[in-house]
Each structure stands twice: as structure tokens, then as C-alpha cells.
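Novice: Swiss-Prot lists these features:
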BINDING   HIS173, HIS175, ASP186  Zn(2+) binding site
DOMAIN    102-224  domain 'MPN'
REGION    1-20  region 'Disordered'
MOTIF     173-186  motif 'JAMM motif'
Amino acid sequence: MSLKQLPTESMPREKLLQRGPQSLSDAELLAIFLRTGTQGMNVLALADLLLRDFGSLRALFCASKEQFCRHKGLGEAKFVQLQAVLEMTQRYLAETLKRGDALTSPQQTKLYLSSVLRDRQREAFYILFLDNQHRVIRDEILFEGTIDAASVYPREVVKRALHHNAAAVILAHNHPSGVAEPSQADRRITDRLRDALGLVEIRVLDHFVVGDGEVVSFAERGWI
């Protein structure tokens, strides 16, 4: 069936305008992004096929250029367009976080940290440097690789915190395995960093561990 044969209210763009983006399926949202189908396949059918081939929107978004462009109907221009959309989304989340108080919006903080860290193939140790009103001054990835007591250096963390004149920090790292449950090593390095930063009167407000679909907060567990 051609897309033009669908009732007007069932066309993705019209449906979005009438009912809002939340009313659309993943395939319908993707169809709006793709705009056109291929010969013999309308854009909704193409979107549905791509989601079945990749398995999910997330897998599609994480695909390399080679993986993306090998599918009929997708090319370099669409890949560039998708990367721009993803980067704008991440910058929107970062801007939202930096304009507010990180601690009064824990869910926004988790969402932002997940967007930054979740899909990394290697562990990355990330820090939000905060002022005395808990507003974000700067955010940095300080260490990459296996995160344990031997690879995260408290001296470097203290050095960066002093450089930014931070009054407090929020720590975060990802688990590429997808399991967000903190390890004993995670708890030990958190204690070491809290002790080191405490010597210069900089507070560790929280440590988030980012997994696949879950973000664990040390503060919510009562560990900080």
C-alpha cells in the first residue's frame, strides 16, 4: 500500500500534529526522519524493516556508518543527518542540566549521564564539577579503560576540581556489560575519592553507575 492510500489521520506527520509525538510508534517516528521510501516500499514499511533488521531504535542509532549505509534506502547523507540529530539531543540534555541545580533534578541528571555514557564500549569515568549552589561548572571524562582503584587517580581528580574551583562533584561511570549494579571496587574508589576531596573541602554529592536501561545512585542507596 502506498502511504498516500492511508487515511490522513494515520499518516505519521499528520498524526504527530494532531496527537503529539508520544502517540507515534518507533516505526512512525523513524518514517518521519527518513521522509521517503524506496522503489516498491513506502517509508513506513522501510522504517519497520529497518527496526526489525537492527532490532531497536537504539541499535540503529549506535550503528557505524558502514552498518547504516549497507541497508537499501540509507546512505551517507541520512547517516550524517542522524548523527546531527543525536548530537543536538545530547546538547539539549547537557544545556538543561547546566542551567539548573543538578540535585533538584536527579532524573534529568540520570538521563543526561545515560546519554553520555551508556553506549560506550569501554568504561569511562566522568565528573560533573559544581559550584557552591550545586550548578554545573564543567563536565569531563577523566579516565577510560577498566575503572578500579588502580586506574582512577584521586590526585588527578583533586587537581581538576581545584582547577575548576569546584565546591562539590558528582561522579559517574558506565558498565559496558550493561549491568549497573556497583561493584566492591566501585565502592572502594568512591570512598578514596571522597576522602581525598574532603581534605580540600570539596564534597562528593553522588556517584552514578550507568548500565543498559538503569542508572544506580550511591546517594539513593545511602552509600554517600
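Just so you know, glycine gets a Cβ as well, placed from its N, Cα and C.
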Novice: Taking the Cβ of ASP186 (Zn(2+) binding site) as the centre, how many other Cβ atoms fall within a 10 Å radius?
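Specialist: That number is 22.
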Novice: A 10 Å Cβ contact count, applied to the binding-site residues HIS173, HIS175: which residue has the minimum?
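Specialist: Looking at the binding-site residues HIS173, HIS175, the Cβ with the fewest others within 10 Å is that of HIS175.
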Novice: For ASP186 (Zn(2+) binding site), which of the three DSSP-derived states applies: helix, strand, or coil?
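Specialist: Going by the DSSP assignment, ASP186 (Zn(2+) binding site) falls within a helical segment, counted as helix.
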